[in-house]
Amino acid sequence: MEENSKKDHRALLNQGEEDELEVFGYRDHNVRKAFCLVASVLTCGGLLLVFYWRPQWRVWANCIPCPLQEADTVLLRTTDEFQRYMRKKVFCLYLSTLKFPVSKKWEESLVADRHSVINQALIKPELKLRCMEVQKIRYVWNDLEKRFQKVGLLEDSNSCSDIHQTFGLGLTSEEQEVRRLVCGPNAIEVEIQPIWKLLVKQVLNPFYVFQAFTLTLWLSQGYIEYSVAIIILTVISIVLSVYDLRQQSVKLHNLVEDHNKVQVTIIVKDKGLEELESRLLVPGDILILPGKFSLPCDAVLIDGSCVVNEGMLTGESIPVTKTPLPQMENTMPWKCHSLEDYRKHVLFCGTEVIQVKPSGQGPVRAVVLQTGYNTAKGDLVRSILYPRPLNFKLYSDAFKFIVFLACLGVMGFFYALGVYMYHGVPPKDTVTMALILLTVTVPPVLPAALTIGNVYAQKRLKKKKIFCISPQRINMCGQINLVCFDKTGTLTEDGLDLWGTVPTADNCFQEAHSFASGQAVPWSPLCAAMASCHSLILLNGTIQGDPLDLKMFEGTAWKMEDCIVDSCKFGTSVSNIIKPGPKASKSPVEAIITLCQFPFSSSLQRMSVIAQLAGENHFHVYMKGAPEMVARFCRSETVPKNFPQELRSYTVQGFRVIALAHKTLKMGNLSEVEHLAREKVESELTFLGLLIMENRLKKETKLVLKELSEARIRTVMITGDNLQTAITVAKNSEMIPPGSQVIIVEADEPEEFVPASVTWQLVENQETGPGKKEIYMHTGNSSTPRGEGGSCYHFAMSGKSYQVIFQHFNSLLPKILVNGTVFARMSPGQKSSLIEEFQKLNYYVGMCGDGANDCGALKAAHAGISLSEQEASVASPFTSKTTNIQCVPHLIREGRAALVSSFGVFKYLTMYGIIQFISALLLYWQLQLFGNYQYLMQDVAITLMVCLTMSSTHAYPKLAPYRPAGQLLSPPLLLSIFLNSCFSCIVQISAFLYVKQQPWYCEVYQYSECFLANQSNFSTNVSLERNWTGNATLIPGSILSFETTTLWPITTINYITVAFIFSKGKPFRKPIYTNYIFSFLLLAALGLTIFILFSDFQVIYRGMELIPTITSWRVLILVVALTQFCVAFFVEDSILQNHELWLLIKREFGFYSKSQYRTWQKKLAEDSTWPPINRTDYSGDGKNGFYINGGYESHEQIPKRKLKLGGQPTEQHFWARL
């Protein structure tokens, strides 16, 4: 019973998705609430502040655990490594509030969809639903399944038939009202938060609360000037933060506001058409699509087709054709039926419909799938409102440092209590002085130190047309050691040039037709396929669409006409009408009419159309796509026997190859054709030939890849193109260096009696180029020893092989990835999966792509860079308006500079706190302190200015062959802080003790007598000193002393010293002297300090609360400070920052990197049987118990999650939908 109670107390929300949460049920407890109220009053609101910072404590203090079905409060916890908590209240919706009677009979469904969550969640006879809202999404409690479920969307369990039949005629008015109440409005409302609320949120930040406590303490002790300076800076910081947040809020509000005000037309069951505001739409409504139209929801197309621009979501400005969901008589969920191609049926919220094409049976119709924040645009806005925190070691290390400094402060607190109590100081003053020492160790600007470098880096990136929507990732860019590139449009030019066609006849390839002659393709079925099999549209008299389709169409010299003009002539509702142009080859065909289109998809690697030649009664099917894929759908007798060799002869030269196929449909009825399934259309085709296109490297590609290679940054190609083409491009770009071996990894799925297999195939002839062909060795079940150069090898594989290895040879995957360079024919889901696998090997991964099919991978990478002409693409954290890969080294350079700057500022502020802590400990021993203006100069004139300008040093123009340290807790950094702390401690203690040994030294309160007694030992400016020292008693005795006079210039120069030595330039930043403002400030601070030290002006000494000393003592102070500078600089520059020395130490003591990829590289380097060459290995999951190659199975590898072979893609978030 108790176990069931515990089980009912907890459930998972969004199980298996990226935003998965644990939910715990709680019930308010009046006695506990009363105790918390009393405690809040007694602590003057302090407890409420703690509850604000820790919502889980509030729930635990005020509530008692209970089953979720009885809970009135829920506690939510993220399942990621951050374990963040949220508190939400459960509320009830009562259907009795509706204007019409609602059925109270148990057997009657509330909505037409009997499997709807609404039906299952309804509590009868009260007719209520228990709900909660989490990050703008509404959930209802499903008592049958004992969990909260989303509302505001149609269930994925609906089949194609369900969507057409259940929702095809629209919803009744009553069902619409029920859904509106339960699902909420179809609105993406971003509140413009009032300024007072933003101010309160900023002020209640723990950092500002600590700062307020510190400033209150300092003001109470008369530190007016410094406190006022900090208050002014804090107010400016808060105002700027509030202004920035307010502006972001306004921009986001304006971005989504128009979405909520669209007028739409829907079909209401038994009533017909009805116009209403888009915020009243509910899942299941039938939406009528007019011409140009901005979509206010996600909807699935059920009748007609349309062309949409999805640039707002993906950064891809190419129009995308959407086709209706087929009517299939099966119970399979519609997304599973359509596989990854389901996106071709879905219209996403926020995209623009630019053209509609009715089917001839009425207007273009779509069923509303998701509304409000459940939509694609809603997901995007939520990702901005609730960004996922970054798991970067730097930030966790920084927190540990702050905790360490706070512990020092606590030790200082008890030290001060002991000293002041020992001297008999009143308790009030004792506690006050102890608290002051507590605040010394944690500088108020410390939390902001890690972001200052990012601000400067972001500005410099913007000048280079690289825009950033996630500044926290800039530091991560400094750690990148592997960059993945898409091929087409990234490494190679966007545009493809036509090289020629290779037609087939009688099962043989014919002579190639070259486009270099300027002649169009002669009329043939191949020409008809090139003219009709594409997704081009005519928009405002201009043909628009995919660049490949445009080039192919231009090669025919045919033209496209507006379908509306000629639709009557051909007697049918058509998509496109294509006619021969003036320069086209002579054709017996007057026109080609495309009637139906099965769009291209990355996962399917093909597209096809159903067309009709003018004057004919039957129809034709034309297909184009990846040659290997198209050949699979053709009759074997029509595919030339030398097809693989012919294909390879072009792909090894870097050509892009497209295959075309055709068949005739013996049907005379258009309605029969329109309802044909894609599987039936795309079968038994005749192979027509190959279309050869050139895809040239961008001129910047080779230079950038060389620069990354010299910086020892791995480069990998992830593309949807042919494997041979990808390998050739990798070689031509020198991603695969000359002389390296290429091993193709080809894996096959298990069959009935044969287990999964993986074949290792060596590409023999490495010298390739135009006119040269590669030779492949015979593959057998034997191992071939490595030849010369075997230590430099690169694996290449296709997406299909990657998927098989992922499932059946998982232990092989890391071994392949550490040397994998080319991954071809990869689907969007596989690209994201590959990025995640690289990250599991502890690589810091960058991804550069065009932002369309790569959006999932761009989001998954540590630094995703989208090449887009838009200023900021939401497909990735970084967007480059310069559409070549030069942005990659720029970003890495700035990331390294920002990371080093953050470390430098952090080290400086840590040393600042320690130096001040040491001097405070020494002075507290004699109940003394530095004066207000002494602190003011150190804290404002030096420290604050250093923090603001230290990070503005530009990045070094050349990438170093190693990365900066990525951890604050690394040995060089810890040693740097430790040794500098020791230097400071030794110098300060020595000076503190040595000044007491001087013959002219005396206690502060004896100063005047002391001066007269030791007059002969002072400097010659006796008369000047005598004129003002008599008033020394006006200065508080706890400040004016020889100890403060000695320690202040030493510590001040020490601050300048650590600021200088922590501002190292090369190899990651330019030299310090190039940072003019910072250099000037350091020199000015040093000059001012020396001037004050040696000046004999009464106004200066009175103002700075110093005692004049003999010149030799001042010279000694300066010599000591400069000696400390020299020692600290030598240690920092020649030892701690000496990369070669640390490598030598690591080798001598046997220290190795703990990164997984380093471990695997070391293991494989010692394995004489790796890499396997020209052999086949089998998995152990076959029925006949095949041999497993034990050399490649590692028990150290943790089994990873499996890819779904026939199901949905691995991403569960918004990007998977795109």
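Cβ atoms are placed via backbone N, Cα and C, with glycine included.
Looking up the ranges 515-531, 940-956 in Swiss-Prot, the one annotated as transmembrane segment turns out to be 940-956. Per Swiss-Prot, the residue annotated N-linked glycosylation site among ASN669, ASN1017, ASN1027 is ASN669. Looking up ASN540, ASN1014 in Swiss-Prot, the residue bearing an annotation of N-linked glycosylation site is ASN540. Only sequence-distant pairs (6 or more apart) were considered; of these, fewer than three Cβ pairs between the transmembrane segment (940-956) and the transmembrane segment (401-421) are under 8 A, so the stretches are not in contact. Every protein chain shown contributes to the tally, and the Cβ of ASP486 (active site, 4-aspartylphosphate intermediate) ends up with 27 other Cβ atoms within 10 Å. Same-chain residues lying 6+ beyond the ends of the transmembrane segment (222-242) with a Cβ under 8 Å from its Cβ atoms: 195, 198-199, 202-203, 208, 211, 215, 444, 448, 932-933, 935-936, 939-940, 944. Annotation: ASN819 carries the greatest number of neighbouring Cβ atoms among the glycosylation sites ASN540, ASN669, ASN819 [cut-off 10 Å, Cβ to Cβ]. The largest share of C-beta pairs under 8 angstroms with the transmembrane segment (973-993) comes from 903-923, of the ranges 33-53, 903-923, 1042-1062, 1077-1097, 1115-1135. Local packing around the Cβ, expressed as the count of other Cβ atoms within 10 angstroms, is greatest for ASP854 among the binding-site residues ASP850, ASP854. For ASN540 (N-linked glycosylation site), the nearest of the recorded positions ASN669, ASN819, ASP850, ASP854 in terms of C-alpha separation is ASP850.
For the recorded site, ASN819 (N-linked glycosylation site), the DSSP three-state label reads coil. The recorded positions recorded for this entry are ASP486, ASN669, ASN819, and the Cα of ASP486 lies nearest to that of ASP854 (Mg(2+) binding site). For the transmembrane segment (903-923), the residues of the chain that approach it from at least six positions outside its boundaries are 398, 401, 405, 408-409, 412, 415, 436-437, 440-443, 445-446, 449-450, 452-453, 929-930, 938, 943, 946-947, 950-951, 964-965, 968, 973, 976-977, 980-981, 984-985, 988-989, 992, 1043-1044, 1047, 1051, 1054-1055, 1058-1059, 1062-1064, judged by C-beta separation under 8 angstroms.
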